[in-house]
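A.B. asks: Sequence annotations record features per position, and here TrEMBL assigns transmembrane segment to 70-88, 100-121, 142-170, 228-247, 259-282, 302-323, 335-356, 458-476, 496-515, 527-548, 568-594, 614-639. According to TrEMBL, the Na(+) binding site annotation covers Gly76, Val79, Asn83, Asn341, Leu470, Ser474. Annotated region 'Disordered' per TrEMBL: 679-729, in sequence order. Taken from TrEMBL, the feature compositional bias 'Polar residues' applies to 699-715.
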Amino acid sequence: MPKNSKVTQREHSNEHVTESVADLLALEEPMDYKASMMSVGGPPALKVKEPKDAPEEGDGRPAWNSKLQYILAQVGFSVGLGNVWRFPYLCQKNGGGAYLVPYFILLILIGIPLFFLELAVGQRIRRGSIGVWNYVCPRLGGIGVSSLMVCGFVGLYYNVIIGWSIFYFFQSFQYPLPWSECPIRKNGTQAIVEPECDKSSATTYFWYRETLNITSTIADSGGLNWRMTLSLLAAWIIVCLAVIKGIQSSGKVMYFSSLFPYVVLFCFLVRGLLLKGAVDGIAHMFTPKLEKMLEPQVWREAATQVFFALGLGFGGVIAFSSYNKRDNNCHFDAALVSVINFITSVLATLVVFAVLGFKANIMNEKCVIENAEKILGYLNSNVLSRDLIPPHVNFSHLSSSDYAEMYGVIKTVQEDNFPKLGLDPCLLEDELNKAVQGTGLAFIAFTEAMTHFPASPLWSVMFFFMLINLGLGSMIGTMEGITSPVLDTFKIRKEILTVCCCITAFLFGLLFVQRSGNYFVTMFDDYSAGLPLTIVVILENISVAWIYGTKRFMQDLEDMLGFRPYRFYFYMWKYVSPICLLVLIAATVIEMAISPPGYNAWVQDQGAEEFQSYPPWALAMCFALIIVAMLPLPIVFIARQFNLMSDGSNKLSVSYRKGCMMKDMSNLEEHDETRFILGKNPSETPSPMPTHRSYLGPGSTSPLEPANSGPNSRYGTGYLMATTPESEL
C-alpha cells in the first residue's frame, strides 16, 4: 500500500477513526460506524448521538475516571453485609481460628482464579455478562441471562435489608434507644411488662414486633407494613440516584460507601477492645478446634462463603471490569481485591466477637444476679441450708467464680432435688457459644450490646449507617450486573432503564414488606442464588477453559497484559476449579435434599422462634426460583443449536485505531469473510492475519500458527494489523 495512502496515514496517527469495511478498502473518507452500520444486505442505520458523560475507550464505551475509583467499586461490590454477619458466624460455628485454614485454601483454589477470569473476560471483551458469554460461546449465551436473573432476585430482597437498616438508623436518634427496655402495658391500675417482650428480650421484641410486626406463619400475609414500605422506597431512591448515570455517578458514590465502613469498623474495634470481656470474645473466636477441619460440612460452607464473598457469577465483576482499558493489569486487581476482602472479613470478625464478648459478660453477670436471688430465697425459706454456702461468698458482690463454686456444692449435695430448684450454671462459655448470624446478629445481638455502650445512640447511628453503605456498595454492583448487559444488547438510555428497573423492583419488593415479608427474604436467600449461581460460575469456567481453550485464553492474557500469567492459573482453570465447583454443586444438592425445606417462624405466645415446614405453594415457589434462574441456559443452547436464535452478531463493524483493526463477523464462515471483503476465492487471498505465538501450555514452546484457529472461531474472530491481537477474546 502506498505510504501516502489515507489508511497508512491514519495508521500512524493517534486519531481514533471508525469506518465501515467497504470504506476502508475503497480508501474513502471515514464514517462514524454509529452513524452508518453496514449490515449484509441492509440499509445504513440512522445516526444516533451518544451522550459523552464519561471518558471513553476506542469503542466508545465509558471508562473509569481513575484506577482508584475502579478498585473501590470492586471492593464495595465484594465487601458487603456477608463479611459482617455471615463470616463471623461461620468462624464461630466451624472451629474458630481453624476455619480460617480451609477458607484461605479455597480462596486460593477457587476465589482468586475465578475472580481473575471474570475480570479478564470483562476487560478484554468490554461488554456486560450477556455480551461476554455470547462472544466466548454463543451456545452458552444463556449464562449471561441466568446471571442477570439471579442479580434481579438478589437485588429484590437485598435492598429490603438496606430498608431495615434505614429504619434502625433513624430510630437511633433517640436516648435511650427504643429497643433498650421492654414496653410497659397498663392494665387498669397495674403496670406490667409486655409478656412477649418479657419472654424474649427488649431487642428481640423491637425487631419482631415493632419493626417487622411479623405474623406467625408465611401463609398469613398480614398486609403491608407501612413503615417498612416507606423504608424500602427510600432504599430504592438512594440506589437509583447512585446508579442513574452509570459509573459516572456510582463511581463517585463508591469513594464514600466503600471507605466509610472501614472507618466505622476501626472505631468499633478500638471501642470494643476497651470493653470488659472483649478479650474473652476474641480468645473464644480464635481458639482453634482443629478436629472441625476434618468435617466435610466445614469445607462446603467455606467454599460457599468464598464464592459469594467475591460476588462471582453475578455479572457485577464483569460489568465493572468492562469499563477498564484493555491493558489494565487485572491480575493485580484480582489479587488485591481478594486480599482486601479477606482482611475485611477478619477485621469484622474481631469487631463482632469483641462486642459479643462484652455482651456475653453482661448476660453472664445478669444470670448470676438472678440465680443468686433464687438461692437467697431458698435460704430464707429454709429450702437450702446455709451450711452449703462457702463462708467467703458475699451475695452483695458475687463474682462468677464464687457463684460457680456455690452452684457446684448445691448440685452435689442436693442431687435428687436439684432440678426442682431451677438454677442455671451461668457459664460464660455457654453465652459465647450462642451462634447468631444475619439479621439476628445485626438487629438483635449487636443492638443489644450497644445499649450498654456509653453514648449508645452515637454508636448505633454509626453502625447502621455502615450497614447502609455496605449494602449500597453491593447493590450498585448488582444493578450494574443488570443494566450493563441490557444496555449492551439494546439501545436504551441508561437513565430511563435505571428508573424503570428501580420502579419495577420496588413494586415486586412489596412482597418483602408485608408482615410476613421476613419469611420470603429467607426463602429468596436460601433458594434464588445458591445453586443457580454455582452452576453459572462452573459454566463460565468450562466455557473459557474447555470450549474457548485455556491455552488460547492464556495467550490472550499475555497479549493483553504484556506478561504471561503464572502457570498456576492454567491448572486451576483447567482442572482444579471445575472439580471443586462440581463437588460444591453435589454437596449443595445433597444438603437441599437432606435438610427439610422450612423457615423459623416467630411464635408470639412463646416469644421465640419455631421451625415450620413450607406449605405446598411456598415449596413450589422455592423450586420455581431455582428453575426460573436456570431456565435461560437450556433455552439459549437449544435455540442456537438449531439456529432458532441469532448469536447477536449480525452486523459488521470495524474499529480502526493506532494501527489496530478489529472485526467481528460472528455469523460468517471464515472463508465467507474473505470472499465478502475482497471478492476472491479463499485460495487466492492471502491471510490478512499475521501469525503470532500461541500459548501451548505451561513450559511449552510457541510455534507459529494462525491466530484464528481454535475452538469456536466461527463465532468470534478478528484480524490483527499491528501489535495487539483482536482475534481472541
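Using the three backbone atoms N, Cα and C, a Cβ is placed for every residue, glycine included.
Small disclaimer: the values here were computed from a predicted structure and weren't measured.
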A.B. asks: Any residues 6+ beyond the ends of the transmembrane segment (302-323) with a Cβ under 8 Å from its own?
C.D. replies: 61-64, 70, 73-74, 77-78, 80, 82-83, 86-87, 90, 94, 99, 102-103, 106-107, 110-111, 114-115, 118-123, 125-129, 132, 144, 147-148, 150-151, 154, 247, 330, 333, 337-338, 341, 345, 474, 477-478, 480-485, 529-530, 533-534, 536-537, 540, 580, 584, 588
A.B. asks: Is the count of Cβ pairs under 8 Å between the transmembrane segment (70-88) and the transmembrane segment (527-548), pairs 6 or more apart in sequence, 3 or more?
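C.D. replies: When sequence-distant Cβ pairs are counted, the transmembrane segment (527-548) does not touch the transmembrane segment (70-88), since fewer than 3 lie under 8 Å.
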A.B. asks: When you check the transmembrane segment (496-515) against the transmembrane segment (142-170), do you get at least 3 Cβ pairs under 8 Å, counting only pairs 6 or more apart in sequence?
C.D. replies: yes
A.B. asks: Using the Cβ centroid of Gly76, Val79, Asn83, Asn341, Leu470, Ser474 as the reference point for the Na(+) site, which residues of the same chain not in that list have Cβ within 8 Å?
C.D. replies: Val75, Phe77, Ser78, Gly80, Leu81, Gly82, Ser258, Pro261, Thr344, Gly473
A.B. asks: Same chain, outside the transmembrane segment (458-476) by at least 6, Cβ under 8 Å from its Cβ: which residues?
C.D. replies: 73, 75-77, 79-81, 83-84, 155, 158-159, 161-162, 165-166, 168-169, 172-173, 177, 238-239, 242-243, 250, 253-254, 256-258, 260-261, 264-265, 267-268, 271, 311, 442, 446-447, 450
A.B. asks: In terms of Cβ proximity under 8 Å, which residues at least six beyond the ends of the transmembrane segment (228-247) contact it?
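C.D. replies: Residues packing against the transmembrane segment (228-247) from afar: 53-54, 62, 64, 69, 73, 159-160, 162-164, 166-167, 211-212, 253, 257, 320, 323, 468, 472, 475-476, 479-480, 483, 494-495, 498-499, 502-503, 505-506, 509-510, 512-513, 517.
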A.B. asks: Could you check if the transmembrane segment (142-170) is in contact with the transmembrane segment (527-548), meaning 3+ Cβ pairs under 8 Å among residue pairs at least 6 apart in sequence?
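C.D. replies: Between the transmembrane segment (527-548) and the transmembrane segment (142-170), which are separate recorded stretches, there is contact, as judged by 3 or more close Cβ pairs.
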A.B. asks: Below 8 angstroms Cβ to Cβ, which residues of this chain, lying six or more residues outside the transmembrane segment (100-121), approach it?
C.D. replies: 91, 132, 136, 293, 298-299, 302-303, 305-307, 309-310, 312, 317-318, 321, 330-331, 333-335, 337-338, 342, 346, 537, 540-541, 544, 553, 556-557, 560, 565, 568-569, 572-573, 576-577, 580-581, 729
A.B. asks: Highest Cβ count within 10 Å among the binding-site residues Asn83, Asn341, Ser474: which residue is it?
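C.D. replies: Highest number of other Cβ atoms within 10 Å: Ser474.
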A.B. asks: Using a Cβ cut-off of under 8 Å, list the residues of the same chain at least 6 residues beyond the transmembrane segment (259-282) that approach it.
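C.D. replies: 72, 79, 344, 347-348, 350-351, 353-362, 428, 432, 453, 459, 462-463, 465-466, 469-470.
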A.B. asks: Quick one: of Val79, Leu470, which of the binding-site residues has the smallest count of other CB atoms within 10 A?
C.D. replies: Val79
A.B. asks: If you skip the near sequence neighbours and keep only those at least six away, which residues in the chain come within under 8 angstroms of Gly76 (Na(+) binding site), Cβ to Cβ?
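C.D. replies: For Gly76 (Na(+) binding site), the qualifying residues are Met254, Ser257, Ser258, Leu472, Gly473, Ser474, Ile476, Gly477.
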